[in-house]
Amino acid sequence: MVQNIDQRAVNTVRCLAADVVKGANSGHPGAPMGCAPMAHVLFNKFMTYNPKNPKFINRDRFVLSNGHGCALQYIMLHLSGYEVSIEDLKQFRQLDSKTPGHPEVNDTPGIEVTTGPLGQGISNAVGLAAAEAHYAATFNRPGFELFDNYTYCILGDGCLQEGVSAEAISLAGHWKLGKLIALYDDNAITIDGSTDVSFTEDVVKRFDSYDWHVIVVGDGDNDLVSIEKAIEEAKSVTDKPTLIKVKTTIGYGSLNQGEEKVHGSPLSDDDIKQVKEKFGFNPEQKYFVPQEVYDLYATRAEQGAEIEAAWNALFAQYKTEFPEESAEIERRFSGKLPEGWEAALPRFTPADAAVATRKLSEGVLTSLSDVLPELLGGSADLTGSNLTRWKKAVDFQHPSTGLGDYSGRYFRYGVREHGMFAIMNGLTAYGGNIPFGGTFLNFLTYGWGAARLSALSHLRVIYVMTHDSIGLGEDGPTHQPVETLVLTRATPNMLTFRPADGNEVSGTYLVAIENQHRPSVIALSRQNLPQLEGSSVEAVRRGGYVLQDVEGAKLILVATGSEVSLAVETAKELAAQGIPTRVVSMPCTEIYDEQPQEYKNSVLSAGIPIVSIEALGITGWERYAHAHVGMRTFGASAPIKELYNKFDITVDATIAKAKKVIAYYENAGYVPQVGLDF
């Protein structure tokens, strides 16, 4: 069979996809076989990348949002010269491989974001494109277009059905992100079968209403020229993101092409053989790549290396003319924080007024806005409640709106919690940014799919979550997050902070920003809280610490956030009744758990009854305490004092609980240890 080199490359991808999925006996061969033409055109004709330096700053970003096509991305990285070998392809979906079941940013060179859950990738791509726009507006100068990369994304029917994609796509249109180009694999098949059963909307009209530029390619199986022309047209549109709707046949070449059978299961051996024969390959050869295909992609990789060399030369000249700006770029992308930045963190004494921790958070963000220019923030339509916008902030907006410009660092996400979280992941993944986003703590779970990926991806994303307990009051149980911190504390690689006063709020941001590879959830109060004797900024680095101690303590009260001051009041009352009590503040259990055992023994000491206090669910506190003051049900609608009385989160109720615990263990003759982990 005589084929031109481009068609030969496309068919190589199709045959590799069949082999890779069959080798794992798991996965999705259909989407990679259908998407092969658009992937080839994109990687070989348009993408700027250098496999020898996958972190080249001005590289084009590629995101495979369609998790069912994950084998495709590994194949394209292999062909393009990244450190993904044929042996890696043979290890697809195997333990500790470079080719896990879905693309993960920390496992495979060339992967930009961790995708898998549908809709996350296109939403991350919006964040990547917004980051490019922000850096271009901040650092580019006439004759020095340092930041001008494109963000490309392949997405499918499933991605468009997920709500998070609608949120992010809407924002991309509003922000007019002209360097975002999405290729829609329109194969009309999901796992349940034809999209006729569930997805019949007019996607073109939908994206047109989102203010995207839309192009349709009618034959994505064979018409490489039209795909190429569509991408060229998309690049010429500078004031809108572009969707290229590419009609494809899932599993193209398979006996089951166009059917759901080819979606989620490997092809049979006989089917793979006929696929290879149909495309002019030896049916007995597996994982075969013709040398001319390798050579074709090697030429593109060489062009990418030349482009990076030219960029490096341009940056060297930029450094001469703009030394401060170039130093700032290098610092941000190296991950280094400005020298002495932490000196800007506010500090407090007990003489200072009682303030809500959400308001104290606003003060920290304001103080850091000048010393941490990579700190980008926003809110899901709750700016006035989350208090996330500092006074001098400029909004991130397209200049034509008159509402701000792309150099702005404050993001108006609208009522889109999930989209906000996913976009923040993209902003972080671009490099050189520390994004934060605000909403009520109860709405963290609206966007949990993206928040979980922050932790899995080791991304420093800061979740500023206000209205953190039943203490928010009259809004009632629909808004009172009694269970939410159980989830965040149970999530690997995620930090959960519930600061008690101004020093702890400052310390929370200190630790969250110092942890470059973990997201942080910061739970902040609506109600005013006193500045506490014994608190400090640096103490938060230990996760939990002795706030107030006494000689011969007979009881330990451990609390977080707004209940730490309640613990202090309770300890004072207990002391008057002859029960010396230690007060422990635990702003972050995860950091506390990482401390040496000797230190932990000095805080929650063995042989002393411990009572936890938190106006949230008690689940999890059994690791730290023998008894618990907290929530066992959902909340209720009432003023804060009435709620605390109703649910026995008071000084008197805590004293009663403490006395019962002390009496019980005195009668038993011993106090069991808590929190041991071997």
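Backbone N, Cα and C atoms are what each Cβ position is placed from, and that goes for glycine too.
Here is what TrEMBL says about this protein:
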type     : residues                                      : note
BINDING  : H28, H263, R358, S385, H467, D475, H479, R526 : substrate binding site
SITE     : H28                                           : site 'Important for catalytic activity'
BINDING  : H68, G116, P117, L118, G158, N187, H263, F443 : thiamine diphosphate binding site
BINDING  : D157, N187, I189                              : Mg(2+) binding site
SITE     : H263                                          : site 'Important for catalytic activity'
DOMAIN   : 355-531                                       : domain 'Transketolase-like pyrimidine-binding'
ACT_SITE : E417                                          : active site, proton donor
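Mapped onto this structure are the features recorded in TrEMBL.
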residue : record                            : Cβ neighbours (10 Å)
H28     : substrate binding site            : 24
H68     : thiamine diphosphate binding site : 28
G116    : thiamine diphosphate binding site : 19
L118    : thiamine diphosphate binding site : 23
H263    : substrate binding site            : 20
R358    : substrate binding site            : 24
S385    : substrate binding site            : 16
F443    : thiamine diphosphate binding site : 20
H479    : substrate binding site            : 17
R526    : substrate binding site            : 20
Lowest local Cβ density among E417, D475, which the record lists as recorded positions, within 10 Å: D475
Mg(2+) site shell beyond D157, N187, I189, criterion: Cβ within 8 Å of Cβ centroid: A31, G156, D185, D186, A188, T190, T195, T248, I250, H263
Other CB atoms, at most 10 A from the CB of I189 (Mg(2+) binding site): 27
Most Cβ neighbours inside 10 Å, all chains, among the binding-site residues P117, G158: G158
Cα-to-Cα gap, N187 (thiamine diphosphate binding site) vs R526 (substrate binding site), nearest whole Å: 49
Largest CA-to-CA spread of substrate binders H28, H263, R358, S385, H467, D475, H479, R526, angstrom: 49
Neighbouring binding-site residues, C-alpha within 10 angstroms of the residue listed as 'active site, proton donor' - of H68, L118, G158, I189, F443: F443
Within 10 angstroms of F443 (thiamine diphosphate binding site), Cα basis - binding-site residues out of H28, I189, H263: none
Other C-beta atoms that fall within 10 angstroms of the C-beta of D157 (Mg(2+) binding site): 21
Pairwise Cα distance for P117 (thiamine diphosphate binding site)/H263 (substrate binding site) [Å, integer]: 16
For thiamine diphosphate, whose listed binding residues are H68, G116, P117, L118, G158, N187, H263, F443, the greatest C-alpha pairwise distance in Å: 34
Local confidence of the domain 'Transketolase-like pyrimidine-binding' (355-531) - pLDDT mean: 98
Number of Cβ atoms other than its own within 10 Å, given for H467 (substrate binding site): 26
Distance check against H68 (thiamine diphosphate binding site) for the binding-site residues H28, I189, H263, S385, R526, keeping those with Cα within 10 Å: H28, H263
Protein Cβ atoms within 10 Å of N187 (thiamine diphosphate binding site), excluding its own: 27
Of the binding-site residues listed as H263, D475, H479, R526, the one whose CA lies nearest the CA of G116 (thiamine diphosphate binding site): H263
